[in-house]
Amino acid sequence: MGNTVAREDFEWVYTDQPHADRRKEILAKHPEIKALMKPDYNLIWVVVLMVLAQLTAFYLVKDLDWKWVIFWAYVFGSCVSHSMTLAIHEISHNSAFGNSKAMWNRWFGIFANLPLGVPYSISFKRYHMDHHRYLGGDGIDVDIPTNFEGWFFCTRFRKFIWIVLQPFFYAIRPLCINPKPITRLEVINLLAQLSFDVVIYYLLGVKSTFYMLAGSVLGLGLHPISGHFIAEHYMFLKGHETYSYYGPLNLLTFNVGYHNEHHDFPNIPGKSLPLVKKIAAEYYDNLPQYNSWIKVLYDFVMDDTISPYSRMKRQLKGEVKQD
């Protein structure tokens, strides 16, 4: 159980990411895909219903025994919380109100953030745009683990712990890899979140507050949906940087599993990504893909050739424009 993995560094590559070239090629062959580049207004109502569902859950758990608070935090709260982070992912791409109303999307992201308990939406948007523009960019893309993560989490047991602690590493990684000045919107996001948390604690008590925070931590750690963190870009097959997942959990995650399609067309809402795959099937059907995020988590832990180092990394050249 303690065997050290063979990989001792990231997979450094000296080619551009494949998504921009494939996007141009697909659009030249299938220009009808441009019609899918529009907002998904249904996302607004789905997010509102999710917020209401969590508010209802906060009320229902306030007088339960602690064992049931913990149970429902993992069984229900974690699923809604993780799903909400992926709704925020959609909103970060302006999928709710469109690019012409970018600020509407920022305010709506702050609203969607509330039942998570921790300010997330505005900072995520800033760093996620870098992830798309500079996939694998050294010192820019904070989706890439730190050297410490690659060096230390190198046995099966340690990789398991790394999965459990995913929320912690995603929170501190930007501060280690690519710290940015705090913006006015991030301060607003923080103040809105703290105010909401105080109101929940004052009105509903400690159990509801615990349910809210525990659901977010558990949902982003050892959880079936968290398989997408590893499935998206960890190099299970040499030379392949991005992988799609076509299993049933896409129903809870705004089709984030369609990840090759998403990186090829980040301005197409998740709702329409299955149609992208259908239209341009000749580009996607033969790419490596997954049907189980649980199996991805299991294989990541048990395969001694896979570790946090199993990522492609690039040394960026020329001018780098960040949010």
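Glycine residues also receive a Cβ, built from the backbone N, Cα and C atoms like all the rest.
Those TrEMBL annotations? Automatic predictions, nothing curated.
Under DSSP, the residues of the domain 'Sphingolipid delta4-desaturase N-terminal' (5-43) split into helix, strand and coil as follows: 19 helix, 2 strand, 18 coil. Here TrEMBL flags 5-43 as domain 'Sphingolipid delta4-desaturase N-terminal'.
Annotation comment: TrEMBL describes 43-61 (among others) as transmembrane segment.
Sequence-remote contacts of a segment are chain residues at least 6 beyond its ends whose Cβ falls under 8 Å from one of its Cβ atoms, and for the transmembrane segment (68-87) they are 43, 46-47, 50-51, 53-54, 57, 61, 112-113, 115-116, 120, 124, 207, 210-212, 214-216, 218-220, 223, 225-226, 252-254, 256, 270. Taken from TrEMBL, the feature transmembrane segment covers 68-87 (among others).
Annotation source TrEMBL lists transmembrane segment at 107-124 (among others).
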